[in-house]
Amino acid sequence: MASRWCQLLCPQPKQVASESMHGARLAAQQLGRGCDACDVEAGKPCRCAQGQEEDADFVAHMVSNRHIRQEETTRAGGGRVAAAAVTTQQHHSKPASTFAQSVINMVGMLIGLGQLSTPYALENGGWASIFLLVGLGIMCAYTAHIIGRCLDEEPSSKTYQDIGQQAFGSKGRLIASAFIYLEIFFALVSYTISLSDNIPLVFAGVRLHLPWLRLSTTQLLTVMAVLVALPSLWLRNLSSISFLSFVGILMSMVILVTILCTAAFSNVGLGKHIPVLRLDKIPTVSGLYMFSYAGHIVFPNIYTAMKDRSSFTRVSVTNFFMVAVLYTTLAFVGASLFGPSVNSQVTLSMPPGLLVTKVALWATVLTPVTKYALEFAPFAIQLEHHLPATMGPRARIIIRGSIGSAGLLLILALALSVPYFQYVLSLTGSLISVAISVIFPCGFYLKIRWGRLSRPVVVLNAAMIAVGFVLAVVGTASSAKLLVKSIQNGHVA
C-alpha cells in the first residue's frame with residue numbers, strides 16, 4: 001500500500017536548484033531516471049514522453065537561477081529568457097556552480113515570506129529571543145551539512161525524497177513527499193493571506209460592492225488579483241514560468257531594501273522599547289523563526305549542481321551566517337522602528353504616503369501573483385505523467401489548468417476564511433518546517449550512517465531530534481490554539 005501511494009505522491013528523482021519560494025524548489029523534482037509513473041515494459045516507449053521534453057527544459061533552466069539572471073542582464077528583447085534557458089541547458093551536462101553561485105542560490109532561496117514576520121516575532125518574543133533565532137540557524141546549518149553527507153553515501157540520490165528512501169525505503173519517500181506538498185500548500189495559503197492584507201493599502205480609497213456577493217472591498221480586490229494570476233497556471237511554456245521565478249526574487253529584495261530605507265531616511269525614529277523576554281510567546285515565535293529557515297528540500301539540488309561538492313559545508317555555513325545576520329538586522333530595525341505596534345507583516349507598519357512604503361506594498365502584492373504557477377508546477381508535471389498516453393496536448397492543458405485553477409480557488413477561499421497571517425505562518429513553521437529542516441535530516445543521517453558514527457555525533461543528532469520534536473509539539477499546539485481562538489473571535493465579531 002505504501003509503495004502505491006508513494007508512486008502517486010512522490011516526485012521522481014532529478015531535482016535542481018531553484019529560487020527562493022517553496023514551489024520553485026520543487027518544480028524540477030518530477031523527472032525520473034526511469035519512468036516509475038508509467039511502469040513501462042522493456043523496449044516500449046514511455047507514455048509520459050509528450051511532456052518530458054519541455055519538463056527537461058524546465059529542469060535545465062532552473063538548475064542555476066543565478067546563471068540565468070546573469071544571462072538575462074546581458075541580453076535584450078523578448079528572447080532573453082529563452083536564450084538563457086538554452087545557455088543553461090548547454091551547461092547542464094556537468095555540475096558548474098561555483099562557491100559564490102551556490103551561496104547566492106541558497107541565500108536567495110531562504111529569503112522570502114519569513115522576512116516579513118521577523119520584526120513582529122522579535123517584539124513579541126523579546127530581544128532575548130534573538131538567541132533562539134541564531135540557535136535555530138546553527139541547527140539548520142548543521143542539518144544542511146549532514147544532508148550533504150547523506151548524498152555522499154549514495155551517488156544516485158539527487159533529491160530530498162531520495163534521501164528519505166535511502167534511509168527508510170518507500171515509506172521514507174512517501175513521508176518526505178507528503179510533508180513537502182503540505183509545505184507548498186500552507187505556503188500558498190500564507191502568500192494569499194499576505195496578498196489580502198496588503199492589497200487594500202495599495203488601492204487605498206477604492207470601494208467595491210457587488211450586491212449579489214457578500215464580500216468586502218478587500219476580499220473582492222484579493223479575488224481580482226488571484227483571477228489575474230489564474231491564467232499563469234495554464235502556461236505550458238516553462239521558460240515563462242521560470243521568468244516568474246526571477247521576478248519573485250527581485251520582489252523579495254525590494255521589500256528588504258525599502259524597510260532599510262525607511263529606517264535610514266524617514267521621520268520614524270529608532271529606539272522603541274523591546275521587552276527582554278516573553279516566555280509565553282516563545283512557542284509561537286519559534287514557529288515564525290523556523291519558517292524563515294525552511295529550505296532544506298532544495299539543498300540536495302544545490303549540492304548536485306556544485307562543481308566542488310566538498311565545499312558544500314562551507315556553503316551552508318556561509319549561507320546561514322549571512323541569513324541569520326540579515327534576519328537579526330531586519331528584526332531589530334523593524335521592532336525598534338515600530339515597537340508594540342509592529343504588524344505581523346512589517347510592510348503594514350510602514351508610514352503611509354512615503355514612496356518607499358508604496359514600493360514595498362506593491363512588491364508584497366506582486367510576490368504572490370508571481371508564485372502561483374511556480375508552486376503548482378510540481379503538481380502539474382506529476383499529473384501529466386499519470387494521464388493516458390492517448391490524450392492529446394489540448395486535453396492535457398485543459399486538465400492541467402482546470403485542476404490548478406480549482407486548487408488555487410480552494411486556497412483563495414481558505415485564505416479569505418482564515419486571514420491570520422502570523423498564526424498560519426507559525427503553524428507551518430512548527431508543524432512542517434521543523435520536521436523538514438531538523439527532525440528528518442537528523443533521522444535520515446542516523447539511519448544511513450548507523451554504526452559508523454561516533455557516540456558524540458549520535459547524541460548530538462538524537463538531542464536535535466528531541467529539541468525539534470518539542471518545538472514542533474509545543475509550537476503547533478500554541479499556534480493552532482491561537483488560530484482557532486482568532487477564528488472564533490472573528491465569527492463572533
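Cβ atoms here come from the backbone N, Cα and C positions, even for glycine.
Under the heading domain 'Amino acid transporter transmembrane', TrEMBL lists 97-478. What TrEMBL records for 103-122, 128-151, 172-193, 213-234, 241-265, 285-305, 317-339, 359-377, 397-417, 423-446, 458-477 is transmembrane segment.
The recorded stretches the transmembrane segment (458-477) and the transmembrane segment (128-151) share 3+ CB pairs below 8 A when only pairs 6 or more apart in sequence are counted, and are therefore in contact. Against the transmembrane segment (285-305), stretch 103-122 shows more Cβ pairs under 8 Å than any other of 103-122, 128-151, 172-193, 317-339, 359-377. Under 8 Å from some Cβ of the transmembrane segment (317-339) lie the Cβ atoms of residues 103, 106-107, 110-111, 114-115, 118-123, 127, 130, 133-134, 137-138, 140-141, 144-145, 256, 259-260, 262-263, 268-274, 292-293, 346, 349, all in the same chain and six or more residues away from its ends.
Highest Cβ pair count under 8 Å relative to the transmembrane segment (128-151), across stretches 172-193, 213-234, 397-417, 423-446: 423-446. Counting Cβ pairs closer than 8 Å to the transmembrane segment (213-234), the top stretch among 172-193, 397-417, 423-446 is 397-417. Non-local neighbours of the transmembrane segment (423-446) in the same chain are 113-114, 117, 139-140, 143-144, 146-147, 149-150, 160, 163-164, 166-168, 172, 175-176, 179-180, 182-183, 186-187, 189-190, 193, 283-297, 344, 453, 458, 461-462, 464-465, 467-469, 471-472, 474-476, 478-480, 482-483, 486; each lies 6+ residues outside the stretch with a CB under 8 Å from one of its CB atoms.
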